[in-house]
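In what follows, a structure is listed as structure tokens, so that the remarks can point back to it.
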Amino acid sequence: MATAELHAHDAHAHAHDEHEHHELGFIQKYVFSEDHKTIAKQYLITGIIWAFFGGGLSILFRLQLGFPDMNLEWLRPLLGGWIDESGKLDKEFYLALVTMHGTIMVFFVLTAGLSGTFSNYLIPLQIGARDMASGFINMLSFWFFALASVIMFSSLFIETGPASGGWVIYPPLSALPQAMPGSGLGMTLWLTSMAFFIVSQLMGGINYICTIINLRTRGMSFTKLPLTIWSFFFTAILGLLSFPVLLSAALLLIFDRSFGTSFYLSEIYIQGEALPNMGGSPILYQHLFWFLGHPEVYIVLLPALGITSEIIATNARKPIFGYRAMIGSMMGITLLAFIVWAHHMFITGMNPFLGSVFMFLTLIIAVPSAVKAFNYITTLWKGNIIFTPAMLFSIGLVSLFISGGLTGIILGNSALDINLHDTYFVVAHFHLVMGAASFFGLMAGVYHWFPKMFGKTMNRTMGYIHFWCTFVGVYCVFFPMHYIGIAGFPRRYYSFTALANDAQNSFTDLNMFISIAAILTFSSQLLFALNFFYSIFKGKRATQNPWNSNTLEWTAPIELGHGNWEGEIPAVYRWPYDYSKPGSASDFIPQNVPFSATPESNLPEENEEIAKEKEIEGLLETQNGVYNH
Amino acid sequence: MTTDLENINYIDEPKETLSMNPKKFLLWLFIVSIMMMFAAFTSAYLVRKAEGNWLEFKLPVLFWYSSAVLLISSISMHIAYLAAKKDNINTLRIAISITFVLGLVFLVMQLFGWKELVAVNVYFVGNPSGSFVYVFSGLHGLHLISGLVVLCFAFVSAFRLKIHAKALNQIQICATYWHFLDILWLYLFFFLIYNN
């Protein structure tokens, strides 16, 4: 169906004028839309709403951790029975809070909200395509996500509470409904929701890969792809290979829960009663889960890194340093992602030799990560830096990526992990390197592509305030957490009463500090929400290429219609990072400018490329054929 | 205008960046994700088996016959494809119908295979070695039902004369998926025979 409409644009406006004025109804345009831009905005706005819920939950348990004696009676109108008679947070609900915070942030915000938004939005626009390979599957992908969202959200309101076994839902805790209140209906809803979520991600992922491989505009070879597209490509591959494994794990868990099989359950007594289950293995679940769980970290992080590459090069007005090294390092990270999962399981009693193999592989990840960090810094080095809010968030990402990544080297050691496993040290590590870094990538992307998405600009001053509050706030929250972790505080505990050397007393102030910092950081996000929603409606009109950027999306009109470009899609002749090229009068040369038009700045090998430009032009008809078939 | 553009597809041009039909490519990616899912199941099987406490039993004999039926259905699927290629619409319709019926027969045989398992006291609930057999064959059966749906669409298209020598995409997609489901079952079956 989409192709029929695309055809109208392709075949030049004069032939099919009536198509140009054909307006879709409200439902087709904004609700069940097959347009990648609308779907991206749906993902973004759903993601932002989820982020506020997920963040809000963390504030609730931070109150408990920072102020264990506080009277929370004032929250009763909101939480009702989850505040117990003494005015404290219910203990079971505390577990539900950490579980839902993790689930929402990892899957619904940083997977769907980040990669769903920017893969959908940028892939067709940056590779020069009219839309995704299948608009229908793309639409389904969002609506499966919406369904998953509704189910997960509704689980917050049931009497027994949402899932509470941690976002990793290890059996037997999650497999036995009688194990804890949250393992009942809440867990069932969690699993149902995640099954839909996985289906949604798979449909999105196959679309991204297929679009990048098949629908690039003429001249857009793989070596001319912006790094954003490369990162979305690797992200989609990671998702395609790892999400089915999570689905397998979840299915077996569902069978154990609902049909009484024993894949993960073995010889268990519960409430003094022996269960009939024999011969299962809970560690099996951990293997399957972490085979997804670890790649998931990179599913969350890679898009943020790609967005950062693009924004840093644009705003440093310099070519990205080590374009191919960046691609290579992302490829390395993608490969390594699949063979390091057992570092989450060092203390499950695994063979120490196996542990050292996984430790070795884990530490190798430091190499591609360091390549990326150095390349960002060398791109910034002596650049003509323009500090837009997007640029600040990108530089912030590099900072968080380094400071969070360093502790990864410590945690990757199987011997050190014995001490640090499941402490706040781990919490601090992954919040910096994966949570906050990806969140900064998301924010950078929103600030950078907002003019393209909505044709308006966001308020800069508010952007700066938002950045500094968030940046300082995130460090204030997570840096002290390392010390708490080293002192031995385990994660997911409701309260601390008997740590060695009375540690629970000597760290009261620090926990209080973290909680206050968390509340302030969270509040400053309201500033972003205000800026975002206000600017959609009342923001200043954007120019076509506000950041003087090279990539193709900025050649499209400000008011993007279905099919993205009126008339022909521009061809691509050069890589996307020709910033401040010696000899050129302007400090950027967009990808669609042929070398024959810029003799003053061409390098000798680029002059040879001029001969190939005719050939790229010749591909026009083949390209139109794709959209008419 | 439209006819002009249709002709363009047959012009011999360098096709660098735009080579494969996106729909076919989508199918291959979908197949990859199904493969990963079953790879996870079979790996789980091996990991679990290595831990001991493993019930050993004979696989249903009927699985041999159902595998043969599925193999034959793959052949008839291929005949359908060849017929479409030669514009032999009648053969195409018959071959698709045969494939569909054989698919149904396969599913029924799998069900009776489960009955055989129950007869030797191997239930879905019990030692994981038995549960895995049910999971493998059951989930493969579910995927096969999705294959039958795809076949249905191809069947309707064949009757509406939408599949012919110049419109092979649909039958190719259908055939690829069907052959994949066939190979997937053979993999699962021989995996079970070898590792039981």
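Don't overthink the numbers, they just go from 1 along the chain as shown.
Glycine residues also receive a Cβ, built from the backbone N, Cα and C atoms like all the rest.
Taken straight from TrEMBL:
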type     : residues  : note
DOMAIN   : A:26-555  : domain 'Cytochrome oxidase subunit I profile'
TRANSMEM : A:43-65   : transmembrane segment
TRANSMEM : A:93-123  : transmembrane segment
TRANSMEM : A:135-158 : transmembrane segment
TRANSMEM : A:189-215 : transmembrane segment
TRANSMEM : A:227-255 : transmembrane segment
TRANSMEM : A:288-313 : transmembrane segment
TRANSMEM : A:325-347 : transmembrane segment
TRANSMEM : A:353-374 : transmembrane segment
TRANSMEM : A:386-411 : transmembrane segment
TRANSMEM : A:423-450 : transmembrane segment
TRANSMEM : A:462-484 : transmembrane segment
TRANSMEM : A:512-534 : transmembrane segment
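By the count of Cβ pairs under 8 Å, the stretch nearest in packing to the transmembrane segment (A:462-484) among A:43-65, A:325-347, A:512-534 is A:512-534. Beyond its flanks by at least six residues, the transmembrane segment (A:512-534) meets 48, 51-52, 55-56, 58-59, 62-63, 65-67, 443, 446, 450, 458-459, 462-463, 465-466, 469-470, 473-474, 476-477, 480-481, 484 of its own chain at Cβ-Cβ distances under 8 Å. Outside the transmembrane segment (A:353-374), and at least 6 residues removed from its termini, the chain residues within Cβ reach (under 8 Å) are 305, 322, 325-326, 328-330, 332-333, 336, 339-343, 346, 398, 401-402, 405, 408-409, 412-414.
Of the recorded ranges A:135-158, A:189-215, A:288-313, A:325-347, the transmembrane segment (A:386-411) has the largest number of C-beta contacts under 8 angstroms with A:288-313.
Counted over residue pairs 6 or more apart, the CB atoms of the transmembrane segment (A:227-255) and the transmembrane segment (A:288-313) come under 8 Å in at least three pairs, which marks the two as touching. Below 8 angstroms of C-beta separation, residues 44, 47, 51, 105, 109-110, 113-114, 117-118, 121-122, 297, 300-301, 303-305, 307-308, 310-311, 314, 388-391, 393-394, 396-397, 400-401, 403-405, 407-408, 410-411, 456-458, 463, 466-467, 470, 474, 477-479, 481-482, 484-486, 488-491, 528, 532, 535, 542, 547, 553 of the same chain, each at least six residues beyond the ends of the transmembrane segment (A:423-450), sit close to that stretch. Within the chain, the transmembrane segment (A:325-347) has long-range Cβ neighbours (under 8 A, six or more residues past its boundaries) at 227, 230-231, 234, 237-238, 241-242, 283, 286-287, 290-291, 293-295, 297-298, 302, 305-306, 309, 354-355, 358-359, 361-362, 364-365, 367-369, 371-372, 375, 411-412, 414, 417-418, 421. Per-residue pLDDT, averaged over the domain 'Cytochrome oxidase subunit I profile' (A:26-555), rounds to 94.
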